[in-house]
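Peer 1: Straight from TrEMBL, here's the annotation block:
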{"type": "SIGNAL", "residues": "1-19", "note": "signal peptide"}
{"type": "DOMAIN", "residues": "185-615", "note": "domain 'Peptidase S8/S53'"}
{"type": "ACT_SITE", "residues": "Asp194", "note": "active site, charge relay system"}
{"type": "ACT_SITE", "residues": "His245", "note": "active site, charge relay system"}
{"type": "ACT_SITE", "residues": "Ser581", "note": "active site, charge relay system"}
{"type": "DOMAIN", "residues": "658-775", "note": "domain 'C5a peptidase/Subtilisin-like protease SBT2-like Fn3-like'"}
{"type": "REGION", "residues": "807-826", "note": "region 'Disordered'"}
Amino acid sequence: MRVSHALVSALLGSNLAVANPIHPGIYTKPPSAKLPRAETSESNNVNPSELIPGAYIVEFADDNDSPETFFNSLKADGLDVESRMDLSNRLFKGVSFQVKNVGEAHHDSALLRRKIESSPRIRSLWPVRTIQLAKPEDHGAPASGAITKANARRQEAAFGNSTKDTFSPHVMTQVDKLREQGITGKGVRIAIIDSGVDYTHPALGGCFGPGCLVEAGWDFTGDDFLPNVRPLQPDADPMDNCAGHGTHVAGIIAAQHEGNEYGFTGAAPGVKLAAYRAWGCASTSTNDVLLAAFSRAFEEGADIISCSDGDPSGWAEDAWGVLAARIVDAGVPVVISEGNDGGSGLFYASTPATGRGVAGSGAVTNSKFPTILNEGTFSVDSNSTSGAKSDFAYLPGVPELVGDLSLQLWSPGENNACSELPDDTPDLSNKIVLLLFPDSRATGCYPIDQGNKIVAKGGRYILFYTNDNTTLPTRTMRDEQYVYSQGIQGVASIPPYQSDQWLSLLEQGRSVTISIPSANNTRTRLEELENNSSGSYMGSFSSWGPTWELEASPQFAAPGANILSTFPVALGGYRVMTGTSMSCPLNAAIYALLAEAHGTKDPKRLRSIVSSTSKPLAWYDGTAAHTDLIAPVPQQGAGIIQAFDAARSNVELSVDSISFNDTDHFTGNETFTIDNHGSADVVFEVSHRKAVTMYTFVETTDRLRAASFPNPTIEEWAELQFSSEKITVPAGGSAELTVTCIPPSNVNATRLPVYSGHIALTSTTDAPSLSLPYLGVVGSMHGVPVITPAQAYLANYYSQAPANTTYTVKRPDPANPPLTDRGDQSAIPNVIISPTVGTASIQVEVLRVSGGKEENLGSLAGWPLPYAPRTETRAFFNGLLADNTVLEPGGYAMKVRALRIFGDRTDEGDWDVVKTVPFVLKYETSGNGTTTST
């Protein structure tokens with residue numbers, strides 16, 4: 001049986017270390033057959049954030065307007081439309097709709113937009129786009145089945161009962177301390193906007209409807225929904241039986257102790273849940289479906305909305321972000337995952353996490369590494385009276401170690417099978433060989449070399465181990481061990497504590513016999529190993545802010561890497577998963593705990609309290625920790641949430657972060673208020689904690705390029721001065737503190753260094769200490785070119801196409817336009833666009849080139865692209881304009897326009913403009929098109 005990939009680093013890799021050579025916490029499950037994995041969306045070949053041809057979201061200018069009236073006005077203007085979704089609620093009056101019979105030719109074209117926007121009934125217009133779930137890492141499924149009473153007792157000892165919480169994500173965030181006080185989120189409804197919830201799961205209440213844990217909800221999509229391919233099939237049952245994502249989220253929030261095979265609970269098991277299914281088995285949705293889900297959750301009385309999804313735009317003005325911000329303004333907290341694109345570096349925050357007032361959630365790596373392993377047995381001196389069997393855990397490798405085996409353990413000692421084994425080596429055909437996993441870079445010895453040496457002595461089976469979990473930096477956390485030596489029939493890996501025990505026994509001359517069960521009789525168990533390397537630091541995958549308008553994002557963080565939670569029963573019942581999708585619901589659950597503790601659900605107050613009491617974390621660069629500096633605010637926000645400190649804090653800051661902006665808009669001085677709602681005076685000592693300063697860009701010969709994680713760092717920091725270094729806030733009163741910022745000076749402003757840190761308010765009384773994150777940029781956001789000729793050009797795949805290249809394509813049919821704007825990257829004229837930074841608008845226009853003159857023919861189909869991230873895209877041209885005009889053969893070029901950050905759309909000087917080299921367009925009657933250069 002194949003089980004979790006999640007322990008490999010704990011067994012073999014570089015990221016974890018075992019604190020003690022004993023079982024840290026073991027829970028066993030009975031035999032079961034193999035289980036199917038959840039369907040993933042990769043096979044559906046849907047690109048993130050594609051625009052839906054001819055589909056729009058509109059907000060009405062008049063709150064009393066209706067979709068029917070609006071549609072009739074469009075039809076009077078010659079546009080045939082049909083409704084997609086009614087998006088109206090108390091905060092937003094609008095609808096999404098589809099313009100019929102326009103196909104790709106009018107796909108968000110400037111002409112069509114202008115025609116729709118000319119209606120006086122419209123306040124705002126956005127394109128409908130696909131939203132691809134930021135897929136978390138799935139570390140595999142355990143077997144299913146009921147646990148025995150004996151095993152249940154072992155689980156109790158590990159995670160405790162309902163009053164003593166030892167679950168590591170809860171200990172890291174102080175949830176365990178609130179649990180001791182009986183605070184569980186009672187009286188709070190959390191709306192989960194996700195893939196639905198498997199409410200039949202015993203740990204999630206086993207039922208749906210009033211009186212159940214999952215008491216309400218709606219399915220907006222059905223199982224098979226795929227934008228532009230398979231239609232929505234909404235119904236009243238938000239069951240999740242295929243994606244699993246929402247069920248995992250639900251368990252993080254509110255898993256119950258009763259019926260839980262591994263003994264943990266959610267952070268807020270006293271809440272009620274409402275499940276709104278916004279994507280199906282393909283894990284793909286559209287922004288209007290998500291708006292509809294947010295609207296319904298708000299209208300049906302959600303106290304908190306949690307959504308582990310987003311679109312990496314970095315802008316707050318997207319329709320989704322706008323609605324989320326309005327829900328917050330109306331008094332309902334909204335918590336959103338920040339995204340899993342940490343490798344993309346700075347300025348890659350997701351919407352709607354970037355919405356104003358929305359709580360964007362970053363992810364911290366769990367301090368422990370929960371892992372589901374196969375279980376075997378071993379006996380010592382089996383021919384003697386002391387040969388009782390004991391359990392051990394192993395991770396199968398390739399080829400998989402299975403098959404009702406009983407093998408004597410043997411070790412080659414220091415030789416480690418990296419060189420020829422000595423002549424006195426016994427016949428290894430009925431033995432299993434214990435080998436130290438080699439540091440191949442240092443020794444030149446690889447597992448295949450070891451396998452060949454073992455096979456030469458008749459060996460067929462190998463168990464690998466490492467001396468500790470930090471010696472092999474080349475290993476990854478998810479790798480299985482494999483040996484492709486012909487003759488090797490089974491490979492597995494064991495934790496270091498197990499190899500320590502067995503090697504000691506062998507050195508004493510003892511005999512150890514290993515028993516591996518058949519596949520049908522394999523049991524699994526959960527182990528937790530200490531993560532002393534990356535544990536309790538920010539996850540390298542967690543997306544970075546700030547927003548393009550230099551607002552802090554994420555707001556704060558919680559454990560999101562290596563998180564055990566529930567999963568659909570049909571898919572194994574439990575999973576260990578990694579992503580900001582996992583930290584978001586934990587943050588939402590903590591909001592519920594604080595709502596109970598403080599007696600308020602006010603999102604501004606909760607966000608302020610949570611942010612100010614969060615703990616800034618030291619900087620972890622992906623390989624090593626730097627404890628003398630804290631992680632940048634664009635990565636961690638305020639830091640890791642500390643729920644108990646937030647619950648007992650009676651002090652509220654008027655702001656939850658400070659942006660000193662860029663050099664062009666530098667504020668210099670910021671004043672904030674400290675309100676004391678308690679009955680005793682509070683005294684704070686004020687100081688500055690510096691975070692790592694990072695460059696946004698690396699310089700190349702032709703352009704600025706966004707740096708990837710970890711961005712280049714520089715040992716320069718801002719200096720802060722305070723109006724007072726000690727401040728007393730009277731009981732029931734307030735005080736003001738003014739902060740003056742002196743940005744770092746010895747930096748390269750062209751590369752946009754982002755500086756940050758925390759204003760530390762260290763309490764000298766019983767009140768919790770507080771901190772306030774800040775950030776700023778040296779340089780001009782507006783001064784960064786969005787595009788240059790090196791970033792927008794006529795392309796032959798990724799190379800620049802020569803001037804006057806001739807493209808011979810099929811003549812387009814206006815009545816039957818192509819279904820997508822993607823095309824052949826060499827046979828069809830296309831411009832590749834790689835913006836340096838995000839832009840509020842990218843436009844692509846077609847120029848006729850003849851006799852040295854240019855004539856602008858209008859917008860290319862599919863453009864402009866609003867609120868775009870710094871993500872590469874392409875514009876294809878097949879001879880069809882946005883107004884359905886088929887251009888005659890001839891010479892053409894394309895012009896790309898991109899609005900600079902903080903730019904004025906009406907000022908031509910705020911647009912970067914790049915024209916491609918000219919090309920020649922010809923038509924054929926059949927074939928796939930050809931390209932020639934002249």
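Including glycine, each Cβ sits where the backbone N, Cα and C put it.
Not measured: the values here are computed from a predicted model.
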Peer 1: What whole-number Å value do you get for the CA-CA distance of His245 (active site, charge relay system) and Ser581 (active site, charge relay system)?
Peer 2: 8
Peer 1: His245 (active site, charge relay system) has how many other Cβ neighbours within 10 Å of its own Cβ?
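Peer 2: Its Cβ shell of radius 10 Å holds 29 other Cβ atoms.
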Peer 1: Are there residues of the same chain, six or more positions away from Ser581 (active site, charge relay system), whose CB falls under 8 angstroms from its CB, and which are they?
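Peer 2: Correct list: Ala134, Pro136, His245, His248, Val249, Ser308, Asp309, Ser337, Asn340, Gly560.
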Peer 1: Measure from the Cβ of Asp194 (active site, charge relay system) and count the other Cβ atoms within 10 Å, all protein chains considered.
Peer 2: 31
Peer 1: So what pLDDT does the domain 'Peptidase S8/S53' (185-615) average out to?
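Peer 2: The predicted confidence over the domain 'Peptidase S8/S53' (185-615), as a mean pLDDT, is 92.
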